[in-house]
């Protein structure tokens, strides 16, 4: 019964089984001491062998020819286009630039003459999060066999004067200090909202590049790791902007700042 079952299992593999020293097909011929013994059918005089040697598939042979031998070439790279590699590097640059802007805003609101510790904390955490996103893309680039190429970053601007909105984010002190601080606060959140939407657009473009190059793995990575979280961030910061517009200057801003400081409204 055991021999019959084994023979039926091995039968589909027979065309690809080789004798260690010959080129003929293997057929099951006897059962000795609990082991299956095979002989090459086209070479009857060859001794029995105790194991099967499998010929590589033709597809594997082609892949073997593609394994790089030069020292600086990636061994892990597989079905990864140059366009996807470049798009990943572009996204790394986006994440680092947004992190840089948030870090500059943290430094401003942490000044002694501004002293909005809650919003300073918010932007510091946002900066760290964006930098972590950049590092995650760097890890993925290495995982796929690409090369991380960091690009230059723009220096964050120090003033956000607006013809319609008036007061600047990093502007000069005005007589009505409370009103000034309020506009600083809300303009900072409006800028953060715009940056989060811009990042979302860049992520969607990266996903599009993955689709156009039939890179299912990259598309899945962007979807599972970033897109959902980005939508949540946009929604939360939109709520912050709406709330700030409602509370107005004075104690409302102070209370909102304290809420951020306590972490009760963290993104």
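Note that Cβ sites are derived from N, Cα and C of the backbone, with glycine treated the same way.
A quick note: this is a predicted structure, and the numbers were derived from the prediction, not measured.
As given in TrEMBL:
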- 95, 130, 133, 196, 230: Fe cation binding site (BINDING)
- 78-248: domain 'Ferritin-like diiron' (DOMAIN)
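Excluding 95, 130, 133, 196, 230 themselves, the residues of that chain whose CB lies within 8 A of the CB mean position for the Fe cation site are, in sequence, 94, 98, 99, 129, 199, 203, 226, 233. Other Cβ atoms within 10 Å of the Cβ of residue 230 (Fe cation binding site), summed over all protein chains shown, number 19.
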